[in-house]
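Encoded as structure tokens, the structure appears first; notes follow it.
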Amino acid sequence: MKTHERAANLALAGLSLAPLVVKVNPNANVILTACLAVYVGCYRSVKPTPPAETMSKEHAMRFPLVGSAMLLSLFLLFKFLSKDLVNTVLTAYFFILGIAALCATLLPSIKRFLPKEWNDNAIVWRAPLFHSLSVEFTRSQVVASIPGFFFCIWYAAKKHWLANNVLGISFCIQGIEMLSLGSFKTGAILLSGLFFYDIFWVFFTPVMVSVAKSFDAPIKLLFPTGDAARPFSMLGLGDIVIPGIFVALALRFDVSRGIKNRYFNSAFLGYTVGLTVTIIVMNWFQAAQPALLYIVPGVIGFVAVHCLWNGEVKPLLEYNESKAEEEEACEEDTDSKQNKKKE
């Protein structure tokens, strides 16, 4: 982990804890926390191989429709079923997800302090009655899951804003780290679709705001305001993860070309500007705003202007992580065959 990455992790942890001891401006807290989560997730996504999950253009086109169906389903569940019952089921679901997400987030930091065999030697556990079902894990993962277990217990019991945010930030970092858009074309399709999705569900229906207020699970970050009438400002995790995976793609594009953070800086600046404009407009009108309405033009616009200015539209549009992975695999096979012939 590089110095700037370590500094970002420490800053994110400190900012999360700060409202416990001092009054933090909620607007500044929203912007700084979201930007730090994106920054950390982006750098964690830079690995020898591309992220495990890559989105296709077809998936990107369908995503707003699937998201709309899920959002409407949740709205109807809260409307026709007991709110407490729905949230109890969701809490149990997110309890398991929270342990896994926080474990994966903490693991790289914890591994450095544990014996090598704890990191390398896997333990296989098989279900007593169903031997075909097995789980593989290391001792390091067990150690890393302990904080996640206690945070999930705390969240389930108290629904404290800090426990909510720790789990929510973990989901954001893991989402940005593990998901890949594959190409900038796919990213543009996804962000454009969600741009209209966010506008429709926030401005033209009460569904988005109603679900956000009723959904008592770590799908949003909460920022204390000190105002009894409105105790928390909120930011949905989707407003961090969705643009975040586009910013992460820009960073990996820079790394693949051996250049230092040129397009990453543009995308990250676009995200910061877009989120800042969201907060300004929200406070001006004193009403909920679809964050992607401002973030999407910021992220795509800054990257587009940058590549047009540099005359690099073609390499940016042709970049595809899955093809890059295949080319690397072919090169490795060729090298291994040549080495065998020499032997």
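In case you wondered, yes, glycine gets a Cβ from its N, Cα and C as well.
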Recorded membrane side (Swiss-Prot) equal for Ser56 and Tyr319: yes
Rounded distance in angstrom between the Cα atoms of Asp239 (active site) and Asp198 (active site): 10
Helix, strand and coil counts within the topological domain 'Lumenal' (210-230) (DSSP): 5 helix, 5 strand, 11 coil
Segment confidence, the topological domain 'Cytoplasmic' (252-266), expressed as mean pLDDT: 88
For the transmembrane segment (231-251), distant same-chain residues with Cβ under 8 A (at least six beyond the ends): 26-27, 29-30, 33-34, 37-38, 41-43, 45-46, 51, 161, 168, 171-172, 175-177, 179-181, 183-184, 187, 190-191, 194, 212, 218-225, 261, 263-264, 266-268, 271, 274-275, 291-292, 295-296, 299-300, 303, 321
Spatial neighbours of Asp198 (active site) that are distant in sequence (at least 6 apart) but have CB under 8 A: Met208, Pro290, Ala291, Leu292, Leu293
When counting Cβ pairs under 8 Å to the transmembrane segment (267-287), the leader among 20-40, 63-83, 142-162: 20-40
Highest-contact recorded stretch vs the transmembrane segment (63-83), from 20-40, 90-110, 166-186, 189-209, 291-311, CB pairs under 8 Å: 189-209
